[in-house]
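Since the structure comes first, as structure tokens, the remarks are kept for the end.
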């Protein structure tokens, strides 16, 4: 999931350009992965693909919003035609939506691993409810640390879900093909969580962008060619 939005101070132009390019690439790749997984789900009727595809739906939505906000920043609309209070409101809304969509993406990944134990459980209702609570908490607190802690907690839950699923289904051919995808997603989220640390030099951020794009491209290759 993307890091929370930058405070209302115009960042360097190269930073905005890199962020916009990065966000657009991730959004487009997520759209392709989502479309392919929906096709596989319709052909196989395997519910795990439905939940897993929603991971990339919400991840793509998060990066699409970030791309739009960054374009507004680059054009100067937000900084020249909107008051400071209005700008803060837009940033707060963006942070809340990113917290919601990013949390929903991780929760859908977790549920795609555990749904066979929770078939009678209203999983999607709970996923959206928990994501909404995280978003509202981030909005009301206005503290990036709250967002960071919530995402770290969800990522650790993902690790636990991977181990639980692996211990029961590691001999299934479908599961064997899926585990590398989950591990790559774990790496992707760790890389993006590290972007919430504002003290990172631009060179480090650009390196993380490059690694993140490489990881999501590998995921796309495995989904588009091997599923």
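Cβ from N, Cα, C; glycine included.
Quick look at what Swiss-Prot annotates:
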TRANSMEM  15-34  transmembrane segment
TRANSMEM  55-77  transmembrane segment
TRANSMEM  92-114  transmembrane segment
TRANSMEM  121-140  transmembrane segment
TRANSMEM  145-167  transmembrane segment
TRANSMEM  180-202  transmembrane segment
TRANSMEM  206-224  transmembrane segment
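Here the transmembrane segment (145-167) has long-range neighbours at 1, 4, 95, 98-99, 102-103, 106-107, 109-110, 113-114, 134, 137-138, 175, 179, 182-183, 185-186, 189-190, 193, 196, meaning same-chain residues at least 6 beyond its ends whose C-beta is under 8 angstroms from one of its own.
Under 8 Å from some Cβ of the transmembrane segment (180-202) lie the Cβ atoms of residues 1-4, 12, 14-15, 18, 55, 106, 109, 113, 144, 147-148, 151-152, 155, 158-159, 162, 208, 211-212, 215-216, 218-219, 222-223, all in the same chain and six or more residues away from its ends. Long-range contacts of the transmembrane segment (121-140) within the same chain, counting only residues at least 6 positions beyond its ends with a Cβ under 8 Å from a Cβ of the stretch, are 4, 51, 92-93, 95-97, 99-101, 103-104, 107-108, 111, 115, 146-147, 150.
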